[in-house]
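Visitor: Before I ask anything, here is the structure I am working with.
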Amino acid sequence: MVLKGSSLWQRFAVVLVLSVFALVQSEDPYRFFNWNVTYGDIYPLGVRQQGILINGQFPGPDLYSVTNDNLIINVYNNLDEPFLLSWNGMQQRRNSYEDGVYGTTCPIPPGKNFTYILQAKDQIGTFYYFPSLAFHKAAGGFGGIRILSRPRIPVPFPDPASDFTVLIGDWFKTDHKKLQAKLDRGHKLPFPDGILINGHGPNGAFFTVEQGKTYRFRISNVGLQNSLNFRIQGHKMKLVEVEGTHTVQTMYESLDVHVGQSYSVLVTMDQSAQDFYIVASTRFTDKILSTTATLHYSNSNKAVSGPIPGGPTDQIDWSLNQARSIRTNLTASGPRPNPQGSYHYGLINITRTIKLVSSADQVKGKQRYAVNSVSFIPADTPLKLADYFKIGGVFRVESISDKPTGQNMYLDTSVMGADFRAFVEIVFENHESIVQSWHIDGYAFWVVGMDGGLWTPDSRKEYNLRDAVSRSTTQVYPRSWTAIYMALDNVGMWNVRTQFWARQYLGQQFYLRVYSPVNSPRDEYPIPKNALLCGRAQGKSTRPL
């Protein structure tokens, strides 16, 4: 619990939470967090920059939770512009109002605060939060999320000696507002200046361990555009969890972590007492950027030495084969006591196939990116609020096709309709020469297949219909396809986006409106009583406090 003494806000928050979540069982605990968002000087690559800090920290503090906990996060925006936080991988069951992207949630005005009311409903695992508006992500404001299993739920490995958050990502020395202005002028971003580990450049981050013990490392790529390879000198990593799914426990010498992805590995300190390099380096780039941190044995008197261990660089097949090797542990419990393999996704009939093709082009002389020819532009009102208040003219359902149309790229506020309880197949097809990374808010999905070339119905013969990994962010290799299965069991307005942040900012995203005609809290929670209202929803009424 992150609180300092009693306050009027605490008492108000308790009353607010109890009223909003009267449907939540009383035994689900509450955790309170009070976060102050400010600008501050940071020096991640040796030069002074204006960073976004949370409670004075860069990166921000870890968000700690147990399955089904209610998380009450009071965010004070002390920046000079609107601000929002989103929760990458947290599903916000029945509650897309709290998702923290502009399509669902009004920004927090400068000098104001907003209290997020989240629940880690039926989830475990490793995730992260980040600022979703403008180009704030290039200035920080991100941090790790860890959701632990409830005490009575078995975990398929012994408790580690400790648990480390490892946030890796590419980084620019240029101020985030200047990067945003460059995009607004219709230009592409340059190549990043470096790689960070937990907000530090080369040799800045430090992890102290004891010889002979085993530790858990929760690795998330919070960067803007580059896939990274992660490795620890002299140590193998046992993969145990991917974005909320316990995996078959496979040993790896290094792991490709694509933008927006999260992994948990166990590492046993079985080497002689000395210090070792931890390395993150770019994948599939002409110029290889890398950085190091230090793994320090507590009884070591020998500093890191020797060459930095190399890793894969441009080998697509190596990465593809590794991705295919990551599978669900069918006998392990997830957030519930029943085994993860008890849901036989491969036996469910597909009700709809959605095919998504990204593209890059110029519109009116400016660089844009699109999905099925539509380059997304934000509306003047969050789409979820316009939907709730039935405000016409904000968006059109089916303003994006569920198949590529071959049209020239155009601008629109793209929303795709989908039926609650449908079971869909989504094919991401990448015709470009870069690795793509796709995320869907509100959901985890099964990554059933990926391969080179174009997808055809015959590609289904290659699908893994037994133990595919379930996650919320997947890669699509150059001139390749990735197919997922997804059960549409979460009503709401959900962002489908590239995790390449410049492409997202310039249109490679849309919203999936999962709709139920039954107006019932069993399908979707009512609008939060404290919801901020903006745009054409301003002046409307939520519900009495």
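Backbone N, Cα and C define each Cβ position, glycine as well.
The domain 'Plastocyanin-like' annotation in TrEMBL covers 37-150, 163-300, 380-517. The signal peptide annotation in TrEMBL covers 1-26.
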Visitor: What are the helix, strand and coil residue counts for the domain 'Plastocyanin-like' (37-150) according to DSSP?
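Guide: Counting residues by DSSP class gives 7 helix, 52 strand, 55 coil.
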Visitor: For the domain 'Plastocyanin-like' (380-517), how many residues does DSSP put in helix, in strand and in coil?
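Guide: The breakdown for the domain 'Plastocyanin-like' (380-517) reads 18 helix, 61 strand, 59 coil.
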Visitor: Across the domain 'Plastocyanin-like' (380-517), what does the mean pLDDT come to, as a whole number?
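Guide: Reported value for the domain 'Plastocyanin-like' (380-517) is a mean pLDDT of 98.
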